[in-house]
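**Q** Take a look at the following structure, please.
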Amino acid sequence: MFELMQLDGCTPDSVSYITMVKACSSIQDLKQGASYHLLIVKAGLDSDLYVCCTLVDMYMKCGKLDDGRKVFNNMSRHDNILWGSLIAGYIEQGRSHEALNFLEQLQREGHLSLSTMISLLIACSNIQSVEQGQRLHSLAVKYMYDDDLYFCNILIKLYTESGLLEDAQKVFDEMSKRDVVTWTELISGYIEHGHYETALLHYEQMQQESIRPNHVTFCYLLRSCTENRKLDKGIFIHSHVIECGLELNISVCNSLLNMYSICGSMEDALHLFNRLQAPDVVSWSILIRCCSQHGLIGEAFKVFEEMCLSGIELDEATYVCILQICSQRLGLEQVKDVHNLIIDEGLESNLSIGNTLVDVYAKIGNFEDAQSVFDRLSHRDVVTWNALIAAHSAHAHHQKALLLFETMQQEGVEPNEVTFVSIFKSCSDMSALSKGKKIHSLFLKKGLQLDAFSCSALIDMYMSCGSLEDAQAIFECSPVQQIAPWNALLAGYAQHNQYQLALECFEELCHGGMQPNDITHMSFLSCCSHAGQIDCGVRHFKHMRDVGINITIEHCNLVVGLLSHAALFDEAEDMLECLQFPANIVGWTSFLAACRKHGNVESGRRCFNVLSLLDKLEKTDTCYYSLMASIYKKAGMWDNAESMDDLRKSTNLWKKPAKSYIEVNDTIHEFTVADSEHDRINDISAKLKSLSLIMREDGYTPYLDSEFNHSEKLAIAFGLISQPAGTTIRVVKNLRVCDDCHDAAKAISKLELREIIIKDSYHVHRFRHGSCSCKDFR
């Protein structure tokens, strides 16, 4: 039309050019817009204020801020509209900082209009510049704009997002007029900062003033009920949703669905979902998570399959959610099914999904697929590396975890606190004190935050390596009013059989106003069990029950261990039989270990029969066969012991291999039973034979089947021949130290004048001068 107009000989005027430039602006056609700019210059209209406003707006919307600024600067005078176009352009292009830089010039030129002030306040909100916002607030008071509804709503939003709730409340209270946005901004601000009751009080006041809530208001209120686990309040809000006719709004419905799910009312969640006319991807995802939270993992996967059949396009969050659910209890097959869908949708390269795939495959022990996904990711961030490192650490692949830790840094990815927590665990599990200290120094050098998790991991590492002093020093630096470091310290005292220190720690914790949690009580009961403090342990357990603390299977098993290791077999067995927890393999195995310790063949047989029945359901490893065989050997019932060993072999069940580790010269050495692969195995064997001769003269009689080949003996001997005289020998074993190796370590510590520390799955044993810190209460 514009071209036809020119062909007809009509000369375009300013209105014509404004119309055409606006059209270019709406479709962001920079090339055409720039050509009109040339025509405008030729026509001598480049000094027209309204034409220039349109040009500035066009360049800004097309992302050419410098060109827009040139048009602005070429104008001899500026008005409020021109300033508004320039500032709005900077804000729309995400350059709010630069928009705020114009404030001084605006004041000098006297163009600080209400609309400009609102734009600048939006810029403050975008970048959370509360100081500039407060300055604008003062100017608004000066120019009497401070009662404008829109300005005040943005100001309340800025103040609440910055945590200045009192300032937001003051603005709210001084407003002569408030709308639903005003109320919603204030209510949402209180909810964001955890002031749920205050938010609900404002909602009640909002109703009294006859302000009708909108869908945003209800979404925030329902979030408040969800985060505060207030089902009754949620039901109350639901009734108001219906009164306001918003029960069909999908955002509100999803908020209701999430509230019922998180608050534990699965029946209401299902009822609501079934009434939805068109559930979206968020609705389905909430239902999947709801099933998972209630332990219905299989049902969660069925809902996912229904979702796929419904034609809903799955998003990143849904795939991440279902993959995490698969890792909880479902097998590799389901993970592969979801992975194939992800590949079909071309989403495998999505970083969040890729990270979750690495994490899930690694968690279920499928490191081949985890590594394959990891290698195919074009970009790997710290989360990707953390997933692989954490899984290797959790599966006791500690050497691999340490190697990955070094590799990630070589590839330019900076480790964060989460990375170090996994690496501290690996150092802990290998009793690698020297390496652990170096990594701790690196943590400090990088200026990372010593939060509750990293602090707890460090305490655990130093405790596991036998360095109580370092662990206590870390605890002194731990965040105040955080329970995790206290739990780590208590657990360490339990491992070291330091009952008195644990008791003092527990009393200090309680008197300091901290609230013990399940893990705290477990650590204290564990310490009582390790130290043989029967009365204290039983008294504490009864106190937990009397005051209504949630008793878990782990608490009960610790009391069973306490009773049975003190030879109170009838009491321990009665407790096991009365427990309501199904398939309590851990508890019965602990009982069987105590039978071995005290040579109780009769109770051991009954316990073995129970474990055999449970094993048909759970398919655990074969440790209880070995325990029963040891009971027979200790009683001199060699035929029974041999029959038990044969029965174990016939089951074809997996037996966890025993491994021991020792750190020498910054290198971790691993030993297995009857290890022959170590490059100094001949020297190690010679040392053990030499020690055996001397120890026999001193009264030590080894078990024939374990004289030289047990992994912890090999590790100790290697430490003796590799480290200077007087150096502490630190060994870690992935299983419990056997009786013979325990006796051997006591004898070696006396003969070699060495401190030997062995961390096993139950204790940290500190051998000095022929005795052990566990006082043989094993």
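Just so it is clear, glycine is given a Cβ too, placed from its N, Cα and C backbone atoms.
The feature repeat 'PPR' is assigned by TrEMBL to 48-78, 79-113, 148-178, 179-213, 280-314, 381-415, 482-516. Residues or ranges marked as domain 'DYW' by TrEMBL: 708-777.
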**Q** Go through the chain and flag residues at least 6 beyond the ends of the repeat 'PPR' (148-178) whose CB is under 8 A from any CB in it; none is fine as an answer.
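**A** Sequence-distant neighbours of the repeat 'PPR' (148-178): 114, 117-118, 121-122, 124-125, 128, 130, 133, 137, 140, 185-186, 188-190, 192-193, 195, 209, 211.
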**Q** What residues elsewhere in the chain lie close to the repeat 'PPR' (179-213), defined as a C-beta under 8 angstroms and at least 6 residues from its ends?
**A** 149, 152-153, 156-157, 159-161, 163, 165, 168-169, 172, 220-221, 223-224, 227-228, 230, 233, 240, 244
**Q** For the repeat 'PPR' (79-113), report the average pLDDT of the model, please.
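**A** Summarising the repeat 'PPR' (79-113) by its mean pLDDT gives 79.
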